[in-house]
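Here's what TrEMBL has on this protein:
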BINDING   C48, C53, C56, C78  [2Fe-2S] cluster 1 binding site
BINDING   C118, C121, C165, C167  [2Fe-2S] cluster 2 binding site
BINDING   S353, V354, G355, G356, N357, D369, L409, R438  FAD binding site
BINDING   Q803, F834, R947, G1121  Mo-molybdopterin binding site
BINDING   R915  substrate binding site
DOMAIN    9-96  domain '2Fe-2S ferredoxin-type'
DOMAIN    235-419  domain 'FAD-binding PCMH-type'
Amino acid sequence: MDQTESTASNLIFAVNGARFELSSFDPSTTLLEFLRTRTRFKSVKLSCGEGGCGACVVLLSKYDPTLGQVEDHAVSSCLTLLGSVNGCSITTSEGLGNSKDGFHPIHQRFAGFHASQCGFCTPGMCVSLFSALVNAEKTNRPEPPLGLSKLTTWEAEKAIAGNLCRCTGYRPIADACKSFAANVDMEDLGINSFWRKGETDEVKLSRLPFYSGPKNQICTYPEFLKGECQTVMHLDSKQNSWHCPRTIEELQSMLELHMAGNGTRSKLVFGNTGTGYYKDEQDYDKYIDLRHVSQLSLIRRDHAGIEIGATVTISKAILALKEEFKGESDMLFHKIADHMEKIASGFVRNSASVGGNLVMAQRNYFPSDIATVLLAVGSTVNIMTGRRHEKLSLEEFLAGPPLDSRSLLFSVHIPCMGAIQNGFSAETGSRLLFETYRAAPRPLGNALPFLNAAFMADVSFSKTGVLVSKIQLAFGAYGTKHPIRARKAEECIAGNVLTVALLYEAVTLVRETVIPEDGTSRPAYRSSLAVSFLFRFLWPLVDSGAQIFKDGLDGCTDALMERTLALKNDNNDFGRIGNLEFLSSAKQLVESSREYNPVGEPITKSGAAIQASGEAVFVDDIPSPTDCLHGAFIYSTKPLARIKDVNYKSDPLPDGVADVISFRDIPGGGENIGTKSIFGTELLFADDCTTYAGQRLAFVVAETQKRADVAAGAAVVSYDTESLGSPILTVEEAVERSSFFEVPSFLYPTQVGDFSKGMAEAEHKILSAEIKLGSQYYFYMETQTALAVPDEDNCMVVYSSLQSPENAHTVIARCLGIPEHNIRVITRRVGGGFGGKAIRAIPVATACALAAHKLRRPVRIYLNRKTDMIMAGGRHPMKITYSVGFKSNGKITALHLDILINAGISADISPIMPRNMLGTLKKYDWGALSFDIKVCKTNHSSKSAMRAPGEVQASFIAEAIIEHVASTLSIDVDVVRNHNFHSFDSLNLFYEGCAGEPTEYTLPFIWDKLAMSSSFDQRIQMIKCFNTGNSWRKKGISRVPIVHPVQIRATPGKVSILKDGSVVVEVGGIELGQGLWTKVKQMTAFALSAIQCHGTDELLEKVRVIQADSLSLIQGGFTAGSTTSEASCEAVRLCCNILVERLAPLKRKLQEQMGSVVWDILILQAHLQAVNLSASSYFVPDFTSMEYLNYGAAVSEVEVNLLTGETTVLQADLIYDCG
């Protein structure tokens, strides 16, 4: 066997310039899995596992030896199969730069623009931007100014459109991206650590980390791989069940073998993006890679149209459709391409094939946009079965039986528009109209549509109006098996002059045709969208027809036609907000003082650069110890049932499974405890009975995370519900059965005023109005994760991503039945928490610790997104009934609230909810305020703290009541808000004990200042004019105040000064991305500078804040409630004061001897003279200052499309008093 043949069976590729050659691999392994488990590169993160978030994005580069060109594009590594990267080069964020070799300007700018908070998503963002920079460099655009790129600001923002961030907000991220654009407006870039206000654009540009172009810094495809590409391009490894046919004949032979019926299960592979939607968990005997079958990737253009091969990626299809084409077809192809750009995200479109999308639509009933759009233009498909080819219309293909494994979609043909040339037909004067429509939760892609549609019509003017010679109406994704043509509506319209009556008839037929199947969400909305889209398409033509009837046809055909088309292209009164950039311009103004420098300065967030480069270590990035096992939860699917058995169809346990841990494995002296709060505990595992769906039943421990997940999913749970009664699933059922959690009297808020008296004074009343609020999932980018490592002497070290190591410490010790000094819980950073990792992370860490304790081997877990969503709990749903009395001017005299809170199965933090809610509800002077709040116990997963728990719901309730009053009185809502604004006296009444001094009540000042800075009154008048002139688009503006009570908790701190003058700090608070470490560093530098010696101005760079360790620093408490940073800073300040006091005598002595004292010398001498340079403190706030009020206000302007419900936030203005 020659060298070529021997290496062709090996998988060869490069990662960040390093060569990898694998003689064996599991063909189901994804690139993400390989990178995270077999390399040192951990910047690629697993978050959604569906190609929908961008956390796993890498740059994939391919080399074409014929053209001598490298093709670079971003892809989702969580979807890309490892076998698909043969001959490719992979670049991750570490490959762009790092702390050792120097950070890339992308990393530096992300850090400097404060574009990284928790940092979990940041490496993927950086790679997405780098991909855009690399490809912009390949264009023929003019050379940009020095330090910038060929990107436009629109492209820069678009580069990260598919990347999700749950904590930073996109403004600073967009600023970091736009700072590379050739046409950037430096004034538009927000607060950063590079320049100060007032500097010129030239100075600002010079202060940015210098960028010299992607190719000058990074080689995306190494030279050694170019030399091997002829060999490694065509991997054909029977050993690994991965086959790479090079011709259609080879592919046909493989498919024929499959047709022989020998039981072999084959999987056709291209981008594998379908697994992001349809979880493919079955095993295959053979993987057939279609990437090298050239006949399937061809794009042919001729007078009849464009034929696109089945394996052409959606991104390449878009480029092909945008190439110049003669006549109307150019318009048609461009609009198809524009619609395709709203599908998924760029890094998915770079991998996904047109053929794969259509096959999913036909075989799996995937809600495809491509299928709907191509159906409208009369596309055809070429199906290959064996060696036979068959041409079908797309409509026939979609309606036919599911394509079986013997058949292959070969290509799709999009036709040109026949004899119509250059706009008008010479014979008929007709004009082709084509539009596509899409309504989705997010308009720019990465979200499946509620409904999509595409319409094509051949129209001309007659003396009586607009004649529609032919029309094709396609609708899809509305809860049906496949897109359809609305034939009855087409027949109704075709050959007729458009009139209002005809349009009404057509709309009626569409409503009768587009009927979602049972079980489809929002069926009425989807049907109404179909009607709205058709109306939007045809109404301008009806309107033009009326104009013809009024003015006559002579001499106006061309002009009127052009006006009609212009109106349609501009979307007239119906349309979107126009082709604006993704984010509008913004300005930020922070008023700060340098009196406490560096406290309050906008310095770069601690660790931001290593977060961007991917070097920041999260729990799942910690290398697995020797003999490490992986866990996955088996959970209940019943809300109330006895558990008869948990087992497997196979006996013994599945391959790779070491054990299944349940409550029976808790050691003697231990407890079945999974969480703890001041209100009670929750079971780690259900014992004999499960009390909610999603409850933990057992913990599968296996050799790999994949095997653990598969084994957990394959477990068979037997239930028995006999004589158990029905579960409590609603708050109404909880009331009927008196199922409540007790709220301690010291936490239950007090009523204000006399409700009966207030209602008696009212001139108007609203009685028993209802509001229902649903739950909300956290969607932290990093799911729940932990690693437990057994240590000597029956000890356990647990690394966990959580907000309360102290509580986890206690729970683990109680579960294992060992002293707390045998447990150490370590948390360095958390990839997003939002409250979901305060209590809900504890059972995850405890289960790992229990398994590790039993098996005496390290055990780790990284929950898959589905399991995390089922088990997490989330925000509290609730039902609110209110009665309110008010005067004719809008002044409210009394409000009563009955609130039922669905807490789920355990107390968690739910008894705190009434207090939290009333703190926000009291932001208005309600006159008299009474309430009855019940915390309901139901058979649902426990609801927990979530980003302002209770406050978010309460603010919504307050504003809904204000809006209801204004609507009832038919007066402006801002008038009602003003009438119910607190005076300081009413504020003191409602917020007794925490209102502070009159000078501290800044909300009235903020309210008025915001009105002026946002031009609130002027914009109200402009909006009224806009709404008068537009029937289908309406604008609205609202100004809303916020009063947010916060409470400071006791917090520990520790500061130690090392011999070289560097400083190490420990605090109880956890770095969640909120910048706690940064603020603590600033406070440490400020407080130690009180020693007043040379070198203290550089102290900030000498300070390092280290991870939380529950044994090193006890009583860490919770990181929650928005006050942990300030409490930690105060604890650190107290430590620094102690150290300064200890150093002061030595400093005076040295000053007498030397004249001036340098920090490093002072510290060295302190060490030599045995001065204690480590200080601890425990900050306990005074009762009088532990609670205070925060104030803010915001103005929001929105635009709503009344036909589709599409809502766009046009402008937001905020003012916040941060002290």
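Residue 1 is the first one shown; counting continues down the chain.
Including glycine, each Cβ sits where the backbone N, Cα and C put it.
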Surrounding CB atoms that lie within 10 Å of the CB of C53 ([2Fe-2S] cluster 1 binding site), all protein chains: 27
Cα separation, C56 ([2Fe-2S] cluster 1 binding site) to R915 (substrate binding site) (Å, whole number): 41
Lowest local Cβ density (other Cβ within 10 Å) among binding-site residues: G355, G356, G1121: G1121
Cβ within 8 Å of the mean position of the Cβ atoms of Q803, F834, R947, G1121: remaining residues of the chain near Mo-molybdopterin: G833, G835, G836, A838, A945, M946, A948, P949, L1072, T1119, A1120
Candidate binding-site residues C48, C121, C167, pick with smallest Cα gap to R438 (FAD binding site): C48
Residue from C78, C118, C165, G356 whose C-alpha is spatially nearest that of G1121 (Mo-molybdopterin binding site), among the binding-site residues: C118
Stretch-averaged pLDDT - the domain '2Fe-2S ferredoxin-type' (9-96): 95
Cβ neighbours of F834 (Mo-molybdopterin binding site) where a neighbour is any other Cβ within 10 Å: 26
Long-range Cβ environment of R947 (Mo-molybdopterin binding site), under 8 Å and at least 6 residues apart: F834, G835, R875
Residue among binding-site residues C48, C118, C121, L409 with least C-beta crowding, 10 angstrom cut-off: C48
C118, S353, G356, Q803 screened against C53 ([2Fe-2S] cluster 1 binding site), Cα within 10 Å - retained binding-site residues: none
Candidates S353, V354, N357, L409, Q803 (binding-site residues) - the one closest to C118 ([2Fe-2S] cluster 2 binding site) by CA: Q803
Inter-residue Cα distance where the pair is C78 ([2Fe-2S] cluster 1 binding site) and S353 (FAD binding site), in Å: 17
